[in-house]
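Asker: One structure, pasted below without further comment.
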Amino acid sequence: MFFFKGVVAVLSFFSAVNAAPFMKPNNGTGKYIPDSYIVLLKRDISHDDFELHKRWASDVHKRDVAKRGISFSGIGHSWATGSFRGYSGVFSRDTIEEIMKHEHVAHVERDQIGTSQGWVTQPKAPNWGLGRLSNSNPGNTDYTYDEGAGGNAVVYVIDSGIDTMHPEFQGRATWGANFIDKNNVDCWGHGTHCAGIIGSVTFGVAKRAAMIAVKVLDCNGQGPYSAFIAGLHWATEHAQKNGHIGRAIINFSLGGDNSPAVNQALEEAQKAGIFVSAAAGNFGSDAGSITPGGARLVCVIGNSDERDYRWTGQGPSNFGARVDIFAPGTDIMSTLPGGGSGVMTGTSMAAPHVAGQAAIQVSISGGGFDLSVACAFFKNSASASVKNPGPNTTNKLLVNGANGTKGPKQDENKPNKPPGQDEQPGQNKPPSQNPPPGQNPPPGQNPPPEQPAPSPPANPGDEPNPDGQPYPGDQPNPGDSGPSWWMPSGGLQPPAWWNRRPSFGGWNRPMWWNRPLSVWKL
């Protein structure tokens with residue numbers, strides 16, 4: 001998972017005269033981009049007022065640049081989804097102070113960059129996570145799932161991109177938007193791995209779901225919060241314009257220091273009717289203290305291992321009241337760019353399991369499943385539990401209702417085989433092995449008593465403003481109460497080639513294509 005290791009402390013609000021609140025990082029290892037800001041406007045302004053404000057801000061910026069004789073790029077991304085309106089940009093100190101004073105501005109924060117927390121741990125391993133979804137007890141590697149396999153759902157993967165040419169995706173993965181560079185390739189691998197868990201033929205939960213790549217991370221696994229917001233806005237708007245609402249899902253395996261701006265963008269997507277599955281984070285600390293756990297409406301997913309323990313090894317799963325449910329996320333085999341596969345561990349791998357199951361529910365219902373209550377549905381129907389969830393944390397573990405699990409209901413009388421692949425010999429899972437010392441306990445042993453994990457390490461200090469002055473917002477103003485949202489109280493059709501008779505681009509449709517259900521041994 002991609003996270004800024006740290007917790008943002010929200011200082012008292014700074015203002016000159018009715019200035020917007022400004023959130024400054026107090027500690028943490030987040031990388032803050034010089035002179036780069038995210039600006040949110042008040043919810044009650046009209047679209048016309050928003051456009052007028054942007055023109056005004058651009059004029060202020062141009063005048064200041066001309067006066068100073070220096071170069072700042074000004075407004076970059078902007079977004080307007082429902083009542084969520086704002087923009088990001090690179091501004092001088094004087095310009096951002098003028099913007100903060102404007103009557104329409106609700107919040108300003110500095111833009112920042114995060115890095116990867118996922119890693120490949122071994123070259124080859126069986127994917128146990130699918131079998132865990134459809135069986136009452138751990139250890140069974142048969143994966144039983146509904147015949148629809150997510151075929152009328154669309155999943156937006158907001159990440160490092162997707163290798164859309166990977167044969168595991170069978171043409172169901174496409175490029176949507178790129179907010180980080182001009183290269184529509186996944187040069188980091190994290191997004192392709194997440195997409196494979198969602199919908200690849202071999203490793204995926206929903207083997208017929210469509211996936212759309214929204215790239216917000218570069219080849220080093222880094223991306224600014226402003227790109228995260230732009231990606232969320234694009235996905236929400238795309239789903240609305242293309243009739244995907246009610247069938248649309250977002251996988252958000254990203255995060256970091258708590259950001260009201262990113263949290264609000266996540267909540268706006270959920271309010272629009274899109275189910276958002278978000279990774280809880282890999283710090284072994286309270287998920288509610290960071291983004292996306294600070295977004296109250298999204299479904300926050302913790303990482304469980306093969307023995308149904310919360311993962312407490314390297315990159316331990318976060319816990320706390322904002323974790324909604326656990327899902328498999330430890331040593332998960334999935335797709336990698338270039339047609340390959342590999343293993344990663346983290347809540348980044350857990351969230352796509354839930355996104356994939358949401359796609360399955362869409363296909364079970366024929367598009368009539370209410371995605372706004374999907375998270376509660378998964379929690380209430382979970383029959384499995386995590387043995388050491390952590391302080392003040394649910395123990396619910398995702399299941400899909402097959403083979404005697406309680407879970408979301410489906411027709412359990414039909415056998416099931418995945419589209420695109422017959423059962424392969426030699427794929428059965430080898431006997432489980434005990435983890436290395438210091439990781440989760442082997443079967444038959446109780447876990448150590450739960451202790452709240454320490455907070456992420458503190459940053460030695462926030463970098464100084466290049467002009468030698470404090471950043472706007474460094475001085476508190478106890479009188480500012482903050483914005484009102486600070487304490488938040490049509491469908492996709494299968495592609496034309498799907499029902500095409502014997503061939504597609506030289507690829508012959510196999511005999512199992514129209515079979516109802518199958519059982520796949522991993």
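Cβ coordinates come from backbone N, Cα and C, glycine included.
According to Swiss-Prot, the active site, charge relay system annotation covers ASP159, HIS190, SER348. Swiss-Prot lists 383-397 with the feature compositional bias 'Polar residues'. Residues annotated as compositional bias 'Pro residues' in Swiss-Prot: 432-459. Taken from Swiss-Prot, the feature N-linked glycosylation site covers ASN251, ASN392, ASN403. Look at Swiss-Prot and you will find 383-515 tagged as region 'Disordered'. Among the features that Swiss-Prot reports, signal peptide is placed at 1-19, with the record citing sequence analysis.
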Asker: Are there recorded positions among ASN251, SER348, ASN392 that sit within 10 Å of HIS190 (active site, charge relay system), Cα to Cα? If so, list them; otherwise say none.
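Answerer: Final answer, ordered: SER348.
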Asker: Could you tell me the C-alpha distance between ASN392 (N-linked glycosylation site) and SER348 (active site, charge relay system) in angstrom, no decimals?
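Answerer: Cα-Cα, rounded: 22 Å.
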Asker: Measuring Cα to Cα, tell me the gap between SER348 (active site, charge relay system) and ASP159 (active site, charge relay system) in whole angstrom.
Answerer: 10
Asker: Give the distance between the Cα atoms of ASP159 (active site, charge relay system) and ASN251 (N-linked glycosylation site), rounded to the nearest whole Å.
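Answerer: So the Cα of ASN251 (N-linked glycosylation site) lies 8 Å away from that of ASP159 (active site, charge relay system).
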Asker: Give me the count of other Cβ atoms within 10 A of the Cβ belonging to HIS190 (active site, charge relay system).
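Answerer: Excluding its own Cβ, HIS190 (active site, charge relay system) sees 28 Cβ atoms within 10 Å.
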Asker: Take the Cβ of SER348 (active site, charge relay system) and count every other Cβ within 10 Å, whichever protein chain it belongs to.
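Answerer: Around SER348 (active site, charge relay system), other Cβ atoms within 10 Å: 34.
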Asker: Write out how many residues of the compositional bias 'Polar residues' (383-397) are helix, how many strand and how many coil, based on DSSP.
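Answerer: Going through the compositional bias 'Polar residues' (383-397) residue by residue, I get 0 helix, 4 strand, 11 coil.
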Asker: If you count other Cβ atoms within 10 Å of each one's Cβ, which of the glycosylation sites ASN251, ASN392 has the most?
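Answerer: Sorting the candidates by Cβ neighbours within 10 Å, the top entry is ASN251.
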